[in-house]
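Asks: So that we are looking at the same thing, I have put the structure below in structure tokens.
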């Protein structure tokens, strides 16, 4: 099982996922603005890929610490393959934008008007807007010995300008840089009396190109070309060597804007001598240069995808269901004392989770609340309820993961807010990210203390709960709540790992038990008994888990996997993974739930988890994995998982060579769209009595 040909390179697999995202932009079954959104998500994903993954590979090379993964590729070999693939896909992305999406948008009177098509009225309006709103904010920088090349912010829009002539001081540098401040909009909507009927926009870059002369009076502008630099954005706080993690992170957040260069994007009209000059300034090679036929910062077009004037070009709105029993506005503690409630977001509302916390904040019988927070978003109702609870005298403890990537700053702010309200704030465990999603409420009832809990596969983020598929379990199960109590004490205090009755948790018992359950299925198959594993995760990269799955496949276990993103396992290899089937679902909602199912000799075991099957999750994070109990709930989740395995419109099947093949209905097959089916049919949760 150590043969490198049995494994797919992690970063190459991640790129394959992003290619599947880009493919959605060509899918005419989606509304037009949603197709544009997929194209922009491709850009956003690629930005993070370069900021984190490419930066990490380059760092290994720089410090001569190249290490091959299970696939055998060294970082410099992987970078060569990645560069070739990304160049190909970025060119394709701009072709889709320019040749397909923009013409289609224009048919619906959504236009991005290029300079060559500006009317006199538009030119006049743009000149006035540039003079009043843009020029006062822009600071052009001439390049000479007293004006060295500026330190440019990560992913900022900039222009390199070729000049001719001498300025008032007799300087003749020939080059200047125009940084475009982030506060400036990248697209500007024209008034209807200027642009005409519909939604008409001009690019900020076009405005600056048109009026660059105004920024260098008396000099001739020979050329003005936009470019964008991507930098290493991974934080490098040594958690073992800092006394105050919050203070150390604040310092690193500023440094992140100016990390090492990893990619240069320039408009394709930029002359070779100028691109060479920029590459030299940033210490980049030709393979790290991306010439694009359009704006270099496509992610700033996201504002257009939610146009109120064109609801017909967007997904139809929907209202997540509220369980009928919970619609009665009954005290949630009374409900949960009798029943477990399982919710599948976004098809079912996240509101009951928020309501439980709100009721706890106001309830005089509630004594304490403990909560983990990884990503919560701006204006979080969850955080509002925790603040209210603390102000009402409850013992509120929040375990906040300050190192949640790209949410560090907002998490620092909410930590301060909770501390000011009187809550106890803990920053997790040194060396281990707290990724678990759990809430525990302690309430006095009839002279006794009783616990209530929420466990989830997704974040306490109401916005994500409308866009991501996730599960929530609301419960008063005594054993599960006792396990959570132990885990919170372990996070907040000190002590050895305590034995859990039901909960599996990383980095202690989850991986060990996961491997044991896989091996148990293999043992069943070896005895000629039925054996089946089904799982749905975001990523599968852990070599130990992959090897266990290979051995189970060899023993005869049928293994059905739904892996949205990275998958380093190769299915369909004769004699190794011929019993393993892997598919990825890409659709309206981001697939985010983690489900593990084992036939277990007929005594079915089904778990929900916050953890993907990755080394970082199973070995280096605090994660939870909790059982779904009760025949009705088990069958419900099992059927929902099986729905993903029958999808033939949003499913992409992984081939042994690492490529993906999109499924479509064949013959007399009816189209089966998992997300549409769940959206239509999932009206209320199944409740199970205890």
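Just so you know, glycine gets a Cβ as well, placed from its N, Cα and C.
According to Swiss-Prot:
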- 45, 468, 564, 592: ATP binding site (BINDING)
- 375, 405: Mg(2+) binding site (BINDING)
- 435: active site, phosphohistidine intermediate (ACT_SITE)
Asks: Would you mind pulling the DSSP three-state label for residue 45 (ATP binding site)?
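Replies: For residue 45 (ATP binding site) - judged by DSSP and reduced to three states - the answer is helix.
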Asks: What are the non-local neighbours of the residue listed as 'active site, phosphohistidine intermediate', defined as same-chain residues 6+ apart in sequence with CB under 8 A from its CB?
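Replies: Residues satisfying the criterion: 374, 401, 610, 611, 617, 621, 622, 623.
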Asks: Whole-number Å only: compute the distance from the Cα of residue 468 (ATP binding site) to the Cα of residue 405 (Mg(2+) binding site).
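Replies: Distance (Cα to Cα, whole Å): 18 Å.
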Asks: So how many other Cβ atoms are close to residue 468 (ATP binding site), meaning within 10 Å of its Cβ?
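Replies: By my count, 18.
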Asks: Return the single residue from the binding-site residues list (375, 405, 564) that has the minimum number of other CB atoms within 10 Å.
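Replies: If we count Cβ atoms within 10 Å for the binding-site residues 375, 405, 564, the smallest count is at 405.
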Asks: Which secondary structure state does DSSP assign to residue 468 (ATP binding site), in the simple three-class scheme?
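Replies: In three-state terms, residue 468 (ATP binding site) counts as strand.
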Asks: Return the residue, from the listed binding-site residues 45, 592, with the maximum count of other C-beta atoms within 10 angstroms of its C-beta.
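Replies: Per the Cβ count, the most surrounded site is 592.
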Asks: Please find which two of 45, 468, 564, 592 have the most distant C-alpha atoms, given that the record lists them as binding ATP, and give only that distance in angstrom, rounded to a whole number.
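Replies: Maximum Cα-Cα distance: 16 Å.
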Asks: Determine which residues of the same chain, besides 45, 468, 564, 592, have their CB within 8 A of the center of the CB atoms at the recorded ATP site, and list them by sequence.
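Replies: Checked against the 8 Å cutoff, the neighbours are 538, 565, 590, 591.
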Asks: Can you tell me which of the binding-site residues 45, 564, 592 is spatially closest to residue 375 (Mg(2+) binding site)? Compare CA atoms only.
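Replies: Out of the listed candidates, the nearest Cα belongs to 592.
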